[in-house]
Amino acid sequence: MLLEQLRRAAEQRHALALTRRRRVAHTACAPHQAVGEDGSEPESLLTFCSNDYMGLANHPDVIAALVEGAQRYGAGSGASHLVSGHSLAHTQLEAELARWLAPHIPHACTLYFCTGYMANMAVLTALGTAGATLFCESLNHASLIDGARLARADVQRYPHCDTAALEALLAASTSERKLIVTDSVFSMDGNVAPLRKLLELAERHDAWIIVDDAHGFGVLGEQGHGVLEALGLSSERLIYIGTLGKAAGVAGAFVAAHETIIEHLVNTARPYIYTTAAPPAVAHALLASLAIIEGEEGTQRRAQLTRCIGMLREGLAQLAAIAGWTLGDSETAIQPLIVGDNGAALALSATLEADGIRVGAIRPPTVPEGTARLRITLSAAHTEDDVRRLLDALSAAVAQREVA
């Protein structure tokens, strides 16, 4: 019975062009990567779908630090943080991250997690207790949505970036604990949440803000310290979540907040307590990554990324006008080219791959019905020639469609 039900579900997904499949990377994460199917010979593809925004996943200094960390601390941690798995490398990483966030969160401490999903689940379930209310942005990442579902708090959603609607909800709430929950950079659209206004509302209505800066940490801000640095925000009411497997190029995530909140998470957050700590070598490698992000090389890499974003947007705007597509309103490394139909998005992705370029087609339920898209992501490791090649391939696809 179970297998038959699952087969029918698979058939329905296939009919709606919603089937997902894994590809196999045979080489390191980089703009040019050897990619294949299970059991097939790989082909070299120019890739515009990773979240390695700073191009650090294959950086020699980060790799060397990972090797050094493994030699010093071993391959694994052996236990959870609260048993015997918390190492000097974890402590040093948390201290460095706290230094980064200290100008924006008074009395800041940080807590390192194995994944961003776990960090989001931990914060929402530990703070979203009975009697609390979570005011959730409608386009939040799935991990924030799942965390809200598991929390015992009341959950209220407000429309995308609609601060007036949020203020009405806050004003009407009698909750003893109000928590505004939002992405900073929205993962499928690339636009930035109105955090300055959200902070004003939090202060006015005695609320706190949980900000998931997964796609901003390491990229935004003069030193790459993230969206809070970029916007010049500072408040005790900020609970900040940063991802370390995207721009930082390695793995994991962290929560930065007032020391009292971090102490509460250490003692109550089940995704932190009941799992084996990440390998110390990963934390050691992240220290090298943070040094690059904050230093002169990081500044140069962010400048290169900015150049590529501007070049890509200029070309995509022209193509979208011809093809009837919609280019999302994004100034970040995430550039959504909205095609609309699921099949059309898959076909365009396949056309590009036949030309040696890999761009993922994003479909419901990840995005709303009728907004299937190519999610084009840029890296500081991309060159202007890489961007030009993508634009030329898209232009050829548009011309081919016009002829057909």
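Backbone N, Cα and C atoms are what each Cβ position is placed from, and that goes for glycine too.
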Substrate binding in Swiss-Prot involves Arg20, His141; of Thr366, Thr371, Thr377, the partner in that site is Thr366
Candidates Thr91, Thr243, Thr260, Thr268, the one Swiss-Prot lists with Gly116, Tyr117, Ser187, His215 as binding pyridoxal 5'-phosphate = Thr243
Among the recorded positions His141, Lys246, whose Cβ has the fewest other Cβ atoms within 10 Å?
-> His141
Nearest recorded site to Ser187 (pyridoxal 5'-phosphate binding site) by CA-CA distance, among recorded positions Arg20, His141, Lys246, Thr366 | His141
Same-chain residues at least 6 apart in sequence with Cβ under 8 Å of the Cβ of Thr366 (substrate binding site), in sequence order, are Ala142, Met188
His141 (substrate binding site) and Thr243 (pyridoxal 5'-phosphate binding site), distance between Cα atoms, whole Å = 13
